[in-house]
Amino acid sequence: MSRHPGLNLAHADEKAHAEAEPLLFGFWVFLMSDLVLFALLFATYATMMGVTAGGPGPKQLFELGPAAIETAALLCSSLAYGMATLVMKYERGRVWLLFWLGAALLLGLVFLCFEIDDFVGMFAKGGGIGRSGQLSAFFALVGTHGLHVTFGCLWIVVMMIQVLVFGAERRDNKTERERLLADRVQTRILRLGLFWHFLDIVWIGIFSVVYLQGLTA
Amino acid sequence: MTLNDWLFGRLTVQAALPFYSAIATAAASIVVVGALAVVVLLTKFRLWRPLWSEWLTSLDHKRIGIMYVVLALVMLSRAVVEAVMMRAQQAVSYDSPGYLPADHFAQLFTTHGTIMIFFMAMPFLTGIINYAMPLQIGARDVSFPLLNSVSLGLTAAGAALMMISLCIGRFSTGGWSGYPPFTELAFSPDVGPDYWIWAVTLSSIGSTLTGINFAVTIYKERAPGMHLFRMPLFCWTALCTSILMIFAMPPLTVATALLALDRYAGAHFFTNGGGGDVMNYINLFWLFGHPEVYILILPAFGVYSEVFSTFSAKALYGYRSLVYATMAIAVLSFTVWLHHFFTMGQGANVNAVFGIATMLIGIPTGVKIYDWLLTMFRGRIRFAVPLLFALGFILMFAIGGMTGIILANPGIDYQVHNTVFLVAHFHNVLIPGLLFGMLAAVQYWFPKAFGFRLNEKWGRTVFVLWTAGFLFAFMPLYALGLLGLPRRTVEYFQGAYRPWTLIAAFGALLLLLGLFAVGAWLFVSVRQRDDNRVPAGDPWNGRTLEWSMSAPPPEYNFAVRPRVTGRDQFMRDKLGGMAYLRPDEYEDIEIPLGSAVGPLLGIAGILCGFGLTWHIWWMAAGGLLLSIGTVIARSFVRETTRIVPAGEVRLQHEAWLGRLAMERPASRDQEIAPSNRGLALADGS
């Protein structure tokens, strides 16, 4: 039935699948373009590793504890998001969908709080963005990821409101027009999911390349 | 911080007004007067409402395409005038300061390059692809019509920043590539580089989104039976260009964003001290910059392919080889960026690798040239304006390609790098390559878009003036480059340069006349539109699907979606007597409603860019909030499409078929006569 492997619109009809196809495919293409952006920021960081210009280096600035908590928060957030999509697929009701979306949001915010605290701590130790090439590259890479997470959180909030306004299940709605709106919410939640998991993958790269490598090298 | 600082940032009367040279003042006045004239005319003829509701908020790919081309032509005018000013300066600045202050001259070469690449060439090809590609693949629109409008809004916002920079403050003097450390705060503390950063960033984001949109459209919206290898070649080049945009625009975004961090947050990416590394910028910039060259040229190659085939009345020779050559060029374009900086300290072996990779690109390009020549071989050739451009392209582009191969040799590059030899080379590929292609595309698809043909005589005049102007303006630069004249020279002291700079200035004058001729071409054609109407929609005995509908096409493009059984489907239909059939049944067609999101995001982009440039933070934040709010609000809009009922489609289609029945088919001898009403004699020639 589904011509697109990334698509799990539960009981949607052929038309809904056909309409979702370019949307999801287009979003994958966008993520590819976004990945190029991160790849270049990683490359910039790699060329600037060790360029401390006499300032503090990773050993003085990075702390494994908060970074590990951030990693756990973000990965658990992805898990919660995965639960949300399963709830949506098997139509277990709006409450559970909102619960899991809320959990994902909360964990995303935990991640952001720890990250901001990290940044503030680094500034306090004299490791601001203007201190050295390496720190500039660090803040560009980690900051861009953080900015993505921020927008992702905002997006989750918007989607929670949309679930309340439009519903995310076809059986919530009577007319075909309303069903279409529910389909639209579903594909948006799926695309947000792609985005959210994508940010996990990028974070794993950051955790390994920036934090683990910086603290062991 | 005083209230004044908070409200106006760095913007003061002294810094803002363009009174540093009389010429700058005059230029700013022209922009202001021009803008006022447009406002007055729109008000006088009560066109604001139609402009807003039928054009600016339209999501129809055809209208968006036309708006892109209009934007490109406006920006072309400014950049050509700037080019003429620079050539005039070099003509008189032998042993004399000339008439332009050095700082103003530097702004001119920066804006000329920035505009020509980002606000002339990119919008031009985006507009042409937007118009023609969906029609050629049998689609009703692009995959994401709203995103299309957003891309246009962002690109136009960048262009608006360019125009604002002419009136308020100064533009960058760092060249179109904006190399640090010169563009860092230490050396360019004024707002110039900031204008450049935000204008280019807006354009690069717009182009990334355009690339995604086009690629998805080609992958997902093709008509039934339109296999990839049945697509017209123009669609293949559009696909490759889109893929290049998806991968090559992010490096530009990263480069400008990191430069902005240096300038705004005191970061040390490309600064001299603090561990900055200029080479990072140069690598990032050319990771974008080289694929960009092929983003620009591939769509033009596509146009030429259509033109050679149509005006030789033959199927394209070597279709598959042309497709593979296009793909090979697209892939190779990512492997050669280093040849833009052979002289910047890599080892000889690295240079050799990139030099060889560069020369390799000549092979697929050569394949294309031979394919086009063989397409014409034994064809029934008509020397219509698009074909003239195509022929001029082959002759002159071959020369430009050869000098490219010369430059690809690092040893030679060391001799001529940073001289006007390089300037001659890239103008030699971009004017006969890209610009001729786009002008050919205008002449070729204009009747489809507006329902009447463009004037042939003026079209030929445009061709002659641009060709002669190009040859006179740029061939001397090869000689000058070999004599050692550095590019971007405002004043020189070698008498040997003088004859060549004078010839080049004469060529620039011809190009200026060529620009006026473009205006006359459009103006005369609009005046004579009733003599050249082609309501039947097929003035050139076309081969591909876009010619199978009325001119201009209905909003939904195809009354019934075509079934494709092979290449050049429309020619097949005509030869087999299957064209213009009355379909058994029609169906409801869903088309997107107009939306203000694109223009609003454009306005948000201008606010952000201007606010950031002048450190007016409330304005920048306001722009950002406006854009986020607009997107969120849009996501709650319930009705985004409307239905054209089957009955209405039937009525419109049958009215057109009825008109067709009354038209007399025109032979190819009558192609440019008033008797060509757009119904072609179906004799295969």
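Here the Cβ of each residue, glycine as well, is placed from N, Cα and C on the backbone.
Model, not experiment: these values are computed from the prediction.
In TrEMBL this protein carries:
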- B:46-565: domain 'Cytochrome oxidase subunit I profile' (DOMAIN)
- B:20-43: transmembrane segment (TRANSMEM)
- B:64-85: transmembrane segment (TRANSMEM)
- B:144-171: transmembrane segment (TRANSMEM)
- B:195-219: transmembrane segment (TRANSMEM)
- B:281-301: transmembrane segment (TRANSMEM)
- B:322-342: transmembrane segment (TRANSMEM)
- B:348-371: transmembrane segment (TRANSMEM)
- B:383-408: transmembrane segment (TRANSMEM)
- B:420-446: transmembrane segment (TRANSMEM)
- B:500-524: transmembrane segment (TRANSMEM)
- B:591-612: transmembrane segment (TRANSMEM)
- B:618-637: transmembrane segment (TRANSMEM)
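Spatially, the transmembrane segment (B:591-612) is not adjacent to the transmembrane segment (B:383-408); fewer than three Cβ-Cβ distances between them are under 8 Å for residues at least 6 apart in sequence. Tertiary proximity for the transmembrane segment (B:195-219) is limited to same-chain residues at least six positions away from its ends with a CB under 8 Å from its CB atoms, namely 110, 114, 118-119, 122, 126, 129, 133-134, 137, 139, 142-144, 147-148, 150-155, 157-159, 161-162, 164-165, 169, 171-172, 174, 178, 183, 231, 235, 238-239, 241-246, 249-250, 252-253, 256-257, 259-260, 263, 288, 295, 605, 608-610, 612-613. For the transmembrane segment (B:348-371), the neighbouring stretch richest in Cβ pairs under 8 Å, chosen from B:64-85, B:144-171, B:281-301, B:383-408, B:500-524, is B:383-408. Long-range contacts of the transmembrane segment (B:144-171) within the same chain, counting only residues at least 6 positions beyond its ends with a Cβ under 8 Å from a Cβ of the stretch, are 11, 15-18, 20, 24, 27-28, 31-32, 57-61, 64, 67-68, 71, 74-75, 78, 103, 107, 110-111, 114-115, 118-119, 122-123, 126, 130, 190-192, 195-196, 198-203, 205-207, 209-210, 212-213, 216, 592, 595, 597-606, 609-610, 613-614, 634, 640.
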